[in-house]
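Novice: Residues annotated as transmembrane segment in TrEMBL: 27-48, 60-78, 90-110, 117-135, 147-169, 190-211, 223-241, 253-270, 276-301, 313-333, 339-360.
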């Protein structure tokens, strides 16, 4: 169910920029479609913050998946930019509902918070691994009808998730692994969330610009290398999450090492895009984001004084805010600096922010 929720978005995210470009709506292709999607998701999550609870999250999950199927059907009907953008907003709204509720449903059946966060991440990464690859292959093999076929596949995936959600029984015990181990993490939450959003904005440079950048360089076919490398390295690091987070010193060391790798890889991608740089860039993105997102998710689950449904919704709200800013900022950066320099600044920014984040976490968040 987690996989189907994520794969619907992944199928469309990397082909929609190309479709909007064909509609002569180039500014949307540069990232604003991501911002509109995230705005819809954020709107629904903010509403859910005071509504979603352990006892009703299965209903919200089913409703979100069903609405997602309806939104994806709209892409089959509309061929103009404005109606298609409205469908993108509706898809974001549906995704916000489903992706807030589905992880909380899953957490009720998993023993520990580290394992639950790891499995949630792996499900999302598997969607990232298969969704864009299938979508780009379909578009490549059928340039005229490929986008419609991708939309149809997204509708089927959403319906599969909906049916699976209806089949899964509600857990009798309302308490899950996270609530059992909630300890409360001291620290200034607002500053911590600022760092999380900053990481997401910088890391998501590739989501906003990669397909259009690669297409402009005649390297569109090689985007798959980046995506596969990113997914595999992130799956590997999340599989070893318990060992990675065994001590805070090890966690911080791997975080900074990942930031250095990310910076070097983005410099390479920005200067000389190609197979080798895309392989290095994807590996670095997957390694760093796998650790960073897992650490952020676990800390927010412990910071929040309500149940995991509320904490998950808050965590995804942060992602949506970051994605809204990401789409706008990287569209502007690409216009002012060019694609290559945008990737360079993404890498430099990650290195600087990561150093500040580790210092903050040592001095404030982990201080007893």
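Using the three backbone atoms N, Cα and C, a Cβ is placed for every residue, glycine included.
Nobody curates TrEMBL annotations by hand; they come from automatic prediction.
It should be emphasised that the depicted structure is a prediction, and the values quoted were computed from it without experimental measurement.
Help me picture these features in the structure, burial and contacts included.
Specialist: Cβ atoms under 8 Å from those of the transmembrane segment (117-135) belong to residues 2-3, 5-15, 103, 106-107, 110, 150, 153, 223-224, 227-228, 230-232, 234-235, 238-239, 241-242, 286, 290, 293-294, 297-298, 301 of the same chain, restricted to positions at least 6 beyond its ends.
Tertiary proximity for the transmembrane segment (253-270) is limited to same-chain residues at least six positions away from its ends with a CB under 8 Å from its CB atoms, namely 203, 205, 244, 276-278, 280-281, 283-285, 287-288, 291-292, 295, 339-344, 346-348, 350-351, 354-355, 357-358.
Residues 191-192, 195, 198-199, 202-203, 205-206, 209, 212-213, 216, 252, 255-256, 258-260, 262-267, 269-271, 273, 281, 288, 330, 333 of the same chain, all 6+ positions outside the transmembrane segment (339-360), place their C-beta atoms under 8 angstroms from a C-beta of that stretch.
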Novice: Of the listed stretches (60-78, 147-169, 223-241, 313-333), which one yields the highest count of Cβ-Cβ distances below 8 Å with the transmembrane segment (276-301)?
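Specialist: Looking at each of 60-78, 147-169, 223-241, 313-333 in turn, the most contacts to the transmembrane segment (276-301) are made by 223-241.
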Novice: May I ask for the residues of the chain that lie six or more residues beyond the transmembrane segment (147-169) and have a Cβ under 8 Å from a Cβ within it?
Specialist: 1, 4-5, 7-8, 11-12, 15, 18-19, 58, 61-62, 65-66, 68-69, 72-73, 75-76, 98, 102, 105, 134-135, 138-139
